[in-house]
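Record features, source TrEMBL:
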type: BINDING; residues: T13, R83, E84, Y134, D246; note: sn-glycerol 3-phosphate binding site
type: BINDING; residues: T13, R17, T268, G312, G413, N417; note: ADP binding site
type: BINDING; residues: T13, T14, S15, T268, G312, Q316, G413; note: ATP binding site
type: BINDING; residues: R83, E84, Y134, D246, Q247; note: glycerol binding site
Amino acid sequence: MADKYVLAIDQGTTSSRAIIFDHSGKIVSVGQKEHEQIFPRAGWVEHNPVEVWDNVRAVVAEALSGASINHQQIAAVGITNQRETTVVWDKKTGEPVYNAIVWQDTRTAKIVDELGGGDQDKYKDRVGLPLATYFCGPKVKWILDNVEGARERAEAGDLVMGTMDTWVLWNMTGGVDGGVHVTDVTNASRTMLMDLKTLDWDADIAADMTIPMSMLPEIKSSAEVYGVGRSSGMLPDVPIAGILGDQQAATFGQACFEPGMAKNTYGTGNFMLLNTGEEIVPSKNGLLTTVCYKIGDKPAIYALEGSIAVTGSLVQWLRDNLKMISSAPEVEELAATVEDNGGAYFVPAFSGLFAPYWKSDARGALVGLTRYVNRGHIARAVLEATAYQTREVLEAMEADSGVKLAELKVDGGMTANETLMQFQADQLGVDVVRPVVAETTALGAAYAAGIATGYWQGEQDVIDNWAEDKRWTPKVDETERDRLFRNWKKAVTRTFDWVDEDVKE
Ligand SMILES: Nc1ncnc2c1ncn2[C@@H]1O[C@H](COP(=O)(O)OP(=O)(O)O)[C@@H](O)[C@H]1O
Ligand SMILES: O=P(O)(O)OC[C@H](O)CO
């Protein structure tokens, strides 16, 4: 199918991308556009869903025109997305009732505490998740409780909810004129509303969160034809046939098809997933159990996941809030002006701490400061924070699974930072390996869509197309590696119990 391509839409936290791949899995064309990060108050993070949908259309047009490809040459479309970010909209008007509440947002801390009644693991045996602000259910409840008239409209059947895959798919397939209201099992597994065994909504949990079942999208596999592009759109009648939460998509794109294979994505946040096959492995060390992917009628494949809220977004904060750099890549030049962190440790608990701590009342801390510390040391501490948090997750992953990783496959925007990648290998004591196509998130969604429509035959195509770009090998001894990590662990304790009970946002 030389003249045919697959288009992937990657609706991420920082930006939306459209990437066109050829049959060998190589990138033919890219469109990318950042959207506004909205911070109404401390701990609150929102996106404008209409801006995001407008940007998705703009980047699809950019990718098509960039390669002089027309829609007839697109065999299939795959969608991958920032997970847990939640939209509620009116299905008759297509208008959101509120901004999208982003996965980093912590406004639902009180709702989460009330739901758990002191038991953070109340739903964990069914949904694989601890009660935390990270997940969709409490965000939907917050909107119904706090947006004037929303609960009445929801109970009348006028409002629907969705993660960003569902919002994009609904608009692509017609919106108010017959848009498809669907999500896939990986995104549903991030809502705290889907039972991991039945792969269906759990009505009891939805009732606890006072969410009408009529709001919830239909749950489908990660690879099947959900619908076709609307006739008035840029991809008329093109099958949309792959949906995966972005971290699951990256796992698929990295060809992690066997139990024990893992990848770590360095994006706005960091997300390490370990394939556990058809086994649902509960975590005892602060990790999540989630659906990794489900290809059509095949059995669901599960994963253990370590989610870290703030990694690349700490670099954005250095750029946008402190104005210490003018672009993300500049952080590497600044870090290179010094040999080490000068004793400074930056724990970016901006959204509380996710894995392995799950402390929503933690807040960020920069510690170990003396007059010796300069901008270079802080830039290095910013990068090191990503590596230390990743080591904490890997240690939890190995304890839960009994798997000792021989190497770690990496991807995402931060992997362009060679200083960080070397420090990461130093901290883990294993090789860190980056593939040629670092856009593995979009690649995974493209493969799911391509497999569902016969453009590709199956996982073997993914394996055959995977190629190593660069490998970093540890260069420091265990003593030095562990000294730095001990200081990090001490720094983490300085972020605990920061938000007082009675002043939670
Ligand atoms: N050279 C770099 N060094 C450090 N961080 C970087 C670099 N390039 C990009 N980033 C960070 O990576 C993130 C973007 O990565 P990406 O995978 O596109 O994220 P997402 O999928 O979450 O939108 C941003 O938070 C940005 O600050
Ligand atoms: O947008 P990303 O790539 O940072 O991914 C965000 C995750 O899906 C949050 O769970």
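Cβ coordinates are placed from backbone N, Cα and C, and glycine is handled just like the others.
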Near ligand 2, which of the binding-site residues E84, G312, Q316, G413, N417 have CB less than 6 Å from any of its atoms?
E84
Neighbouring binding-site residues, C-alpha within 10 angstroms of R83 (sn-glycerol 3-phosphate binding site) - of S15, Q247, T268:
Q247
By CA distance, which of the binding-site residues (E84, Y134, N417) lies nearest to Q247 (glycerol binding site)?
E84
Using C-alpha positions only, work out which of the binding-site residues E84, Y134, D246, Q316 is nearest to R17 (ADP binding site).
D246
Does Q316 (ATP binding site) have same-chain partners at least 6 apart in sequence with Cβ under 8 Å from its own Cβ, and which are they?
T14, Q37, T268, A328
On a count of neighbouring CB atoms within 10 A, which of the binding-site residues S15, Q247 is highest?
Q247
Cβ neighbours of D246 (sn-glycerol 3-phosphate binding site) where a neighbour is any other Cβ within 10 Å:
31
Report the member of G312, G413 (the binding-site residues) whose C-beta atom has the most other C-beta atoms within 10 angstroms.
G312
Taking ligand 1 as the reference and 6 angstroms as the Cβ limit (strictly under), which binding-site residues among S15, R17, E84, Y134, Q247, Q316 are close?
S15, Q316
Residues near N417 (ADP binding site) in space but at least six apart in sequence (CB under 8 A):
P329, V331, E332, L383
In sequence order, which same-chain residues at least six apart have a C-beta under 8 angstroms from T13 (sn-glycerol 3-phosphate binding site)?
Q82, T85, V102, W103, Q104, G267, T268, G269, S313
Glycerol site shell beyond R83, E84, Y134, D246, Q247, criterion: Cβ within 8 Å of Cβ centroid:
Q82, T85, W103, R190, G245, F271, S307
